[in-house]
């Protein structure tokens, strides 16, 4: 903290008022008061008249009288002093000094003359000589108060000079000498306060400032600096009180107004972090009252409004913060976050680039720019940005997570998992990396061991211990009463999950199964509003929960008396597993959005069917499996799909195989099998569509891999992401046969393919993710296209391609075949689903609650084994919950790149002090 030394030249000298020294001695004769009309020319009357003229600032007239007197009596000490004072007011210091010196020569103990000599020395900057003169005056007359006051001033100035020269202790000594001379001299206390503040002896500093304010109640600077000390100590309320006292005596004191704005901004952040966002906003606004262009208050208002989901207001205040502080890279960064969440990626890129033009090594903006480039499929540019972020901050855990997302999207699962694990080394509690790692492991899991199950279980146990669980509910245990079903998901928009949740929302019997939707959609679209209107029209309840803390959502679920809570996301983007971990509903279920166990001991059931998870499956689950009578999915086609196009092979003269699955599913083994098929079917072609193919290096790597497998690149067409759903669906007109992926099969892509008349070849496996295609194709009536192994997969594909006429016939009938199958029979599906819910509820009413048994086992294991307790002990979970999931083609969107990171909220600016 830097304080301004009290410049005693700003102090009005107590010695001179209207040119006259307070307490100067009169001559031995009494000076009478003359009337203006009376002409006095001699003796003491003349001296008195001259003194009166001088007191009335008529210095020229007074000077003439003094000079006239001295011509007659050169030894008149009072006349010499009076003449000196008049000359002093005319800035004739040398002549004035001669007059005072002559007076001293005539009267060596004249305190008034000695004091005025000191004043002249001080005006010339000769502080030592000034002090000596004042000391002589006091030696001549110890009771002469003006000399004492002047000596205190000059000793204070000497102290300041010594301190500025680096002689702090000697300076302090001078301040104390000043106070010894004049114990009521406030500036000496004030300057001691400044010195002690610089020495970080804040208790001493406060004591000195308080004494300065006591001696001079209007001492604004002292109040201001007291406020600075309290603010730096974290006592914001006391700091604000001091600034208020300062501004009460000096309303236009700019330093204090600025400091008040800083303190109010910090107090706003403090109360906001304690949970009172509204009061925080009030303090930020009050800060702007004191400093209307204070960028930090505007910035923090942007943060607060963002947390309140008032994004338009947040944008306004970030823009203002940047306007008033063009060096505020954080404001640009956070603007980028908001624009990205609104899908305005070009504007987001512009904001991040602006932030980086201010702070080239700003790790957050480097990371966030990499996130946007990843979303856009610009993998090379994304990798460059994220690697720069890591270089700028090697311990930036989420940057490693985002690198993993990039590798996953580029199809390099091994490197993705390595990156996630690197993130977890830095931040073991990174929720994004932990869940992304689990998801990534599904892409290469063939069910040969239990490693993936153990990874889910361990994550689930650890995560559950971070949340308090409800263990009892007020829900009436009546097995036959209407049941309240809660669906919770961020994917009630044009997203893969939406195609499978629409049937239940539409066809539930709302008289027996009340539906409550908890929508965590980041950005609602037309489908969101259509779903909401449909639910409300049928008597259900729709609640938007985006941005609400997961534990608060759990409280909402409990207050709504949800009987069965169904989460639809698993370990994918923006999931609400934190709510599920609190166990707010008596029965909890996972379904649709994730092809594996959640790992949470608080989830009772996972919905599936006997083909996706056969009764003899070796795959382990934390949840108890509930198999629906037909397919565990019911697909509602997009109304924008358009008509089925003729088989392209009829006009092309060759068969085109294709896949619109993401690259993460197209593993090296999948490419080997596809290459075998293409090589076995002369002149056939392969069309693959996915987002990263807008990147040349990804395209080239993909083509090179196929060429190494014997497939010429000229036989391969690679398409990037197609934005509009109608165009995406019509792109199926390019292929004759769809090739499924393994061991992570397609879901939405398979349904889309079949609906557009394109038969799909799939392969059965040992895990749920592998068998989704088996369930879909079998229930549509295409069980003959399910292979048992790779060789059969190749042969089925080759055989299907060998008869174009039969292929064409199948294509033109496939939509009707699918529409009449259980896969698209919404009413029938809803009945089966409701039956499953009813059975779950009946079990609960009987006291059969799988999750309670697991929780008891978990608590027993933790109690019996201290190592488990240590491993699973409470720890902080870092959740970055604002990244928007990209539209996925088949059923599960990964937990996204961690959020474009928002910058810290605390004010950055240092206090100024008086």
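The backbone N, Cα and C atoms fix where each Cβ goes, and this holds for glycine too.
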For this session: Would you mind telling me which one of 35, 250, 489, 821 Swiss-Prot calls phosphoserine?
Result: 35
Seminar exercise, completed: As Swiss-Prot has it, region 'Disordered' corresponds, among 376-424, 866-914, to residues 866-914
Exercise. Is the repeat 'TPR 4' (152-185) close to the repeat 'TPR 6' (220-253), in the sense of at least 3 CB pairs under 8 angstroms with a sequence gap of 6 or more?
Worked result: no
Exercise. Across the repeat 'TPR 9' (329-362), what does the pLDDT come to on average, as a whole number?
Worked result: 96
Exercise. By a Cβ-Cβ criterion of under 8 Å, what residues six or more beyond either terminus of the repeat 'TPR 8' (295-328) are in contact with it?
Worked result: 261-262, 264-265, 268-269, 272, 277, 280-281, 284-285, 287-288, 334-335, 337-338, 341-342, 358, 546-547, 902, 905, 907-909
